[in-house]
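Annotated in TrEMBL:
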TRANSMEM  B:24-46  transmembrane segment
TRANSMEM  B:52-70  transmembrane segment
TRANSMEM  B:106-130  transmembrane segment
TRANSMEM  B:142-163  transmembrane segment
TRANSMEM  B:175-201  transmembrane segment
TRANSMEM  B:230-252  transmembrane segment
Amino acid sequence: MSVLRLAYHYLRIGALNELQYRINFWLQLMQSAVALTVGLVGLSLVFYHTTDVAGWSRAELLAVMGVHILMGGLIGALIQPNMLRLMEDVKQGTLDFVLIKPVDAQALISVREIRLWRLVDVLVGMVVLGVALVQLGETLQLLALFAFGLALACGAVMIYSFWLILTSVAFWVIRVDDMINLFEGIYAAGRWPVGIYPAWLQGLLTFVVPVAFAVTVPAEALTARLDSSTLALACVLALLLFLLARLVWRTGLRRYGGASA
Amino acid sequence: MFDLYWTTARTAVMVQLQYRMANYFYMIGMIAEPIIYLVVWSTIAAAQGGEVGGYTPGAFAAYYIVWTLVRNMNIVFTPYGWEWRIKHGELSAALLRPVHPLHFDIAYFAGWKFVVILLWLPLAGLLALLFPPTLHPTWLEVVVFCVAIWGAYLIRTMFLWLLGMVTFWTTRVSALYELYFACELLLSGRLVPMALLPAWARELAWFLPFQWTFGFPIEALVGQLTPHELLLGLAMQLLWILVGLGLVQLVWRAGVRRYGAVGG
């Protein structure tokens, strides 16, 4: 059975489940609106005092914000809920139910949950991005759009791999719930281009928590700042991180005791 | 009454000292936020020829490092907890006691604060190494700061209690809370020092309790407030504590009556 078809069915069932709770859509919309307003006010406050931040104009920073919201929506809808469920399963011993199924366990734990309404943020992010692009007044070339898509995909793979590594730590230390706070705090740093941070923090945001590749690099692709070597590096790193995550997951799995052990 | 406070606070200290790691993780997750603000505004200050709105990068560092302590002082019983309190019957148990449950919350979280302050010190040291602050407080400023953080704690306790008590009437509260927290973020000095807000926003903030819980305690230590402004700030804190207390009493009485009706 192809993994893709399996993923499709899981996500469809998850989505149908979420569709029962329509009111959550409005709550999410409200939440997204408040978050967007705060973000926009923050941006205007900055540009109330200056005309550019480390070489980024207002419209360009708006584009960064758009990517940040978009990627945050993807993480919140697809990646984080699966990882939280995995943590819970490891703690409770209910991961057994995944392991006895005849498909690759990593594929299965990655598609079990979806928070459909968080995808509102993907739409909000796209709208913000669209507005930013109009303000920039550049005609988008097909190539830039392609680079953007590729960079975004690489970023998503890196965040997924990072989360899987983090969650796999649960096999050793069980209690990792506090890490969510930590991740969300650090992800918030992606609201601004990583270039403005001091060098040690840039390193952290690039190679430890791949926020730079998830947000800044895609935004660079759209604002004509990206060179092809950075994009190539993103692809290579995404692949490496994915392989590393798989390795850590498998090593961790060997330590898993199961509910009855 | 003193015994109640003393015992509850001591219990809190002992409980929370057991969860040192969890407390630390929480604090570390929290410092990402001020570091982001600090970096953004330091960059702008540097680009503007060394200062923006009277703040140099060093002054921003001082502001946002003290911010981390004030933020921790601002943590009180969360309004989201009220739903749990009411649903799980916690409140019924609290109502059986001869003292107002507000006393328990104030005492417990105040005790917790001592653990938090203790854990905060090394973190502040580390931050000061990474982002050298410009900080030359006078003795008066230190004293006012030490009082003001507790004033901030009390104001926020009152207002989050008020917010939480909305749960007596409806449980669809998350949207309201989000809105409240957004206003608080923008108008309290948490996002940016009050001096960087446009004049109209500063005027608006004057009529709200937010800045006295966040901006004022920080500025008392790092800002150039005159002794007159320092005392005025403390007076405003006292005023808002009393206003909050009055409102809490009012809403609490109505709410408890309603709670009885639901349970009975």
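Glycine too: its Cβ is placed from the backbone N, Cα and C atoms.
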Tertiary contacts of the transmembrane segment (B:230-252) (same chain, 6+ residues out, Cβ under 8 Å): 100, 102, 140-141, 144, 147-148, 151-152, 154-155, 157-159, 161-162, 165, 209, 212, 216, 220
Where else in the chain does the transmembrane segment (B:24-46) make close Cβ contacts, counting only residues six or more beyond its ends and a cut-off under 8 Å? 52, 55-57, 60-61, 63-65, 67-68, 71-72, 116, 119-120, 123, 127, 131, 191-192, 196
Non-local residues, at least 6 beyond the ends, that sit with Cβ under 8 Å of the transmembrane segment (B:175-201): 37, 41, 52-55, 60, 63, 67, 71, 79-80, 163, 166, 208, 210-211, 213-216, 218-219
